[in-house]
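To start, the structure itself, in structure tokens.
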Amino acid sequence: MKIQLRDIFEPLSANHMAKVDLWFVMSLIAILALGIVMVASASISVSESIHNTPYFFMGRQILYLILGVSFGFMMLQIPTQNLQKWGILLMLLSLVLLVLVLVPGIGKTVNGSRRWINLIVFNLQASEVAKVCMVVYVSGYLVRRAERVRENLIGFALPLFLTSLFLIFLLMEPDFGASVVLIGTVIALLFIGGAPVYQFIAIVIMAVLVMAGLALSESYRVKRLMNFVDPWADPFNDGYQLSQALIAYGRGEWFGLGLGNSVQKLSYLPEAHTDFVFSIWVEEMGLLGGVVLLSLFALMLSRIFKIGHRALMGARPFAGYMCFGFAILILAQVIINVGVNTGFLPTKGLTLPLISYGGSSLIITLGSLFVVARVDIENKLASKGGESEERKRKSDESIDDGEALA
């Protein structure tokens, strides 16, 4: 069967794109702008030492942003019903990527983890693709098998079985942080899709026990747990990264040292422009700056949840579940990243979405957010169409009444 571009894309006009939720767009733009600023500031020292220029990573991040927006506009032209049709294919494709990343010569190893596939322009992190594709697949599954999920244990367990297959490959990389985010998002979607509460509680308990067992199965994870409990017990070795992050918070106090004035980014805090960029942000902009950034995330996520809710109420369940899934993915990563940065959670290799340096995370996250924008546009078009039909129906009724009176 020949597939043409018009079978995949349904371009939107400028008038349609102007209908996207303004608060969602403005909060996203603000977060992206702060992300570029913080990557530029936090990466100065490491950029100088590695590339002999202070703004190498900022330049790369701007390139990733351009690629992400371009990819996002492409996703914006795809009707959500097409994504629903391709859910199984996308899930299988992401599974193939997780397998490929483990193949020597294809997968790229960084800091002891084999998580990336070199695409020349940037390194593709397979787990980022897998998380988004699983949201698309599970959203479609909840529509196709709605009754089974609500009434049948097998219907509830099937997506969890597929997720466990993903987790096996993720843990082989290893990528424990992505595993936690993925299983948490899938469980949350099943609950939103109507899974019985007792099944939901049982699977949450099981997931917690499994993750706890996995956390204790590797010596480096046990060390991270011990450092999380008391980083000051060994502040110059295993507890070094967290203790330096906490020092950054102490320096920042309420109002911060000022943009660009961080001390911890000067080779004291490892991964200052990636996993621990939030610590540098608070050091420079203070606790109030941290609250502002988290408030922007809260605003953006609340609008995504609202868009998803409108889709569900408008009899568009796939689009609604997908929005909820994307929002939960981002929310989980924000909570874990900030929790790690502040010492409330054990150290994991998770970036702060849209803020931390990195191509895969930024490009894939922007792609998912442009899909949310498509859902919002389709919601409004469907609502307008419904209103037109209602007006036409009332007009026809009035004509019929007039003819009856005549």
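From the backbone N, Cα and C atoms, a Cβ is placed for every residue, glycine too.
Record features (Swiss-Prot):
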| type | residues | note |
| --- | --- | --- |
| COMPBIAS | 383-397 | compositional bias 'Basic and acidic residues' |
| REGION | 383-406 | region 'Disordered' |
| TRANSMEM | 22-42 | transmembrane segment |
| TRANSMEM | 56-76 | transmembrane segment |
| TRANSMEM | 86-106 | transmembrane segment |
| TRANSMEM | 116-136 | transmembrane segment |
| TRANSMEM | 153-173 | transmembrane segment |
| TRANSMEM | 186-206 | transmembrane segment |
| TRANSMEM | 280-300 | transmembrane segment |
| TRANSMEM | 318-338 | transmembrane segment |
| TRANSMEM | 352-372 | transmembrane segment |
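A contact links the transmembrane segment (352-372) to the transmembrane segment (116-136), because at least 3 Cβ pairs that are 6 or more residues apart lie under 8 A. For the transmembrane segment (56-76), the most Cβ-contacting stretch among 86-106, 116-136, 153-173, 280-300 is 116-136 (pairs under 8 Å). In this chain, the transmembrane segment (86-106) lies apart from the transmembrane segment (280-300): fewer than three C-beta pairs between them fall below 8 angstroms, excluding pairs fewer than 6 positions apart.
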